[in-house]
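What TrEMBL records for 42-269 is domain 'Radical SAM core'. For 57, 61, 64, the entry in TrEMBL reads [4Fe-4S] cluster binding site. Here TrEMBL flags 101, 132, 192, 264 as [2Fe-2S] cluster binding site. According to TrEMBL, the feature region 'Disordered' maps to 319-353. For 333-343, the entry in TrEMBL reads compositional bias 'Basic and acidic residues'.
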Ligand code: SF4
């Protein structure tokens, strides 16, 4: 059953189409106004994304190099050791990230995965970072267990409009996605949900995607807007490029529709020059991923990002509830804890299922 459709829509299709139809400068101005009402325009939240289990996914998302159905040359990996995840989280914190996102290429987590996942969440939290995971579909029980462990955000993208969805994924429905978002909300976690543009969709599909996100009972706190990364071997490798200005418009419209959400400039940033990224920040994007890899596609390295921030006078948004001393202490303790011999093995083969 799809459960997130009950409330009256905040935004109509016509209102959103009208925003997209504005002259570019007018749309940018409006987005800046909305942005400044709710955020410091010179701060950008920084997250790091780590793939904790890569490849061999049974799903058939046509854009994804991690699907077992496409030959993309991606090496499949086992579920990462808890200790290694915590070390990566510490490095992420050291380069200025405030949130650590962990992604696994699963249809959904199995019960036997949960103890490892829970220890990762607890360890990353003890480092003083916000935690986010993307593990596929979640049952209400699993969502409750993740929340109990301290997970702050769960990422589950709608990907595209309900109308275009079947062209992109056939192994899970659009309604399944809404159900997972509902389970995440019911469990009391924050929602990270957005989509991908440039997948050959129509303009009406971009409107449909943003309309659905903005009309969720509570809009997602975090809204990643991805530009398709065309990976050789996937069915999307030769899809036509989206006009970069259309991408900036999507960011601006997302900012206006969801004024209190962090709009994240996400996958595809590697292919954008600095001017394009700056335009996205002007349009209201205020979150990015740091780090070399965005799950399995490359991402501008953190140092390049820091240089761009400096030139634009942007500073990373800080969490204010932890001191550096506390960070270092808990980092040490969390890594030591993960090394304790009486604990269950840190690592197992998630492929054997
Ligand atoms: S997007 Fe996620 S669910 Fe879809 S194939 Fe890739 S890893 Fe699997």
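Our numbering is plain: 1 for the first residue shown, then up by one each step along the chain.
Glycine is treated like the rest: Cβ placed from N, Cα and C.
What TrEMBL says about a protein is an automatic prediction, not a curated fact.
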I'd like the number of other C-beta atoms within 10 A of the C-beta of residue 264 ([2Fe-2S] cluster binding site), please.
25
Residues near residue 57 ([4Fe-4S] cluster binding site) in space but at least six apart in sequence (CB under 8 A):
64, 66, 67, 68, 105, 106, 107
In the same chain, outside 101, 132, 192, 264, whose C-beta lies within 8 angstroms of the Cβ mean position for the [2Fe-2S] cluster site?
47, 49, 99, 134, 153, 155, 222, 224, 287
Of these binding-site residues, 64, 101, 132, which scores lowest on Cβ atoms within 10 Å?
132
Please check each of the binding-site residues 61, 101, 192 and report the ones with a CB atom less than 6 Å from an atom of ligand 1, ordered along the sequence.
61
Identify all same-chain residues not among 57, 61, 64 whose C-beta atom falls within 8 angstroms of the centroid of the [4Fe-4S] cluster site's C-beta atoms; report them in sequence order.
59, 60, 63, 65, 66, 67, 105
For a quick check of understanding: among the binding-site residues 61, 192, which residue's Cβ has the most other Cβ atoms within 10 Å?
192
Residue 61 ([4Fe-4S] cluster binding site) versus residue 132 ([2Fe-2S] cluster binding site) - Cα distance in angstrom:
21
Between the Cα atoms of residue 101 ([2Fe-2S] cluster binding site) and residue 61 ([4Fe-4S] cluster binding site), find the distance and write it as a whole number of Å.
20
Give the three-state DSSP assignment (helix, strand or coil) for residue 101 ([2Fe-2S] cluster binding site).
strand
